[in-house]
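**Q** Before I ask anything, here is the structure I am working with.
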Amino acid sequence: MQDYQSQKPIVLDILNAHLAMPGNLLPILHGIQDTLGYIPAASIDDIAKALYLSKAEVHGVVSFYHYFRTTPPGKHTIRICRAESCQAMNGKTLESHAKNSLGIDFHETTSDEHFSLEPVYCLGNCACSPSITIDDEVYGRVTPEKFDQLLAACKGAK
């Protein structure tokens, strides 16, 4: 994991590239997350100062949107669909199994920094519920057994 001082020039470059844009807070946050993988907590102060906002305003936007992370993600990000169709097809069982298998909850990363677990509220794969993504690859009809197989494949692909 990098410290913020090494990331600060990247954050400032993204800020400067968007300063003249109206409604620039979300594009800035997306730019930082897309580049660094998350929005460092220490960057909130720099963002607030550059945009003449309070730290509370910036933090409020970051914490409101589920997409934004404030901690570094693991090597692989697993997203489990929590929409109605997936829930109707035993999504809760899959969710519990995933949390137990990984030893983490949503918005957390395993201690070996290999996996992060995130909720998502529809993958558009309702006909094949329950669905997950692993690193943006969609998998449908995921049972706990299939989840274990996918997890093993990720671990084997180090």
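Cβ atoms are placed via backbone N, Cα and C, with glycine included.
Automatic prediction, not curation, is the source of TrEMBL annotations.
Annotated [2Fe-2S] cluster binding site per TrEMBL: C81, C86, C122, C126, in sequence order.
I would like each feature placed in context: is it buried or exposed, what are its neighbours, and how far apart are things?
**A** Cβ neighbour count for C122 ([2Fe-2S] cluster binding site): 13 (other Cβ atoms within 10 Å of its Cβ, all protein chains included).
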**Q** Starting from the Cβ of C81 ([2Fe-2S] cluster binding site), draw a 10 Å sphere and report how many other Cβ atoms land inside it.
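**A** Here the count is 28.
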**Q** Any idea what DSSP makes of C81 ([2Fe-2S] cluster binding site), helix, strand or coil?
**A** strand
**Q** Please state whether DSSP places C126 ([2Fe-2S] cluster binding site) in a helix, a strand or coil.
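**A** The three-state answer is helix.
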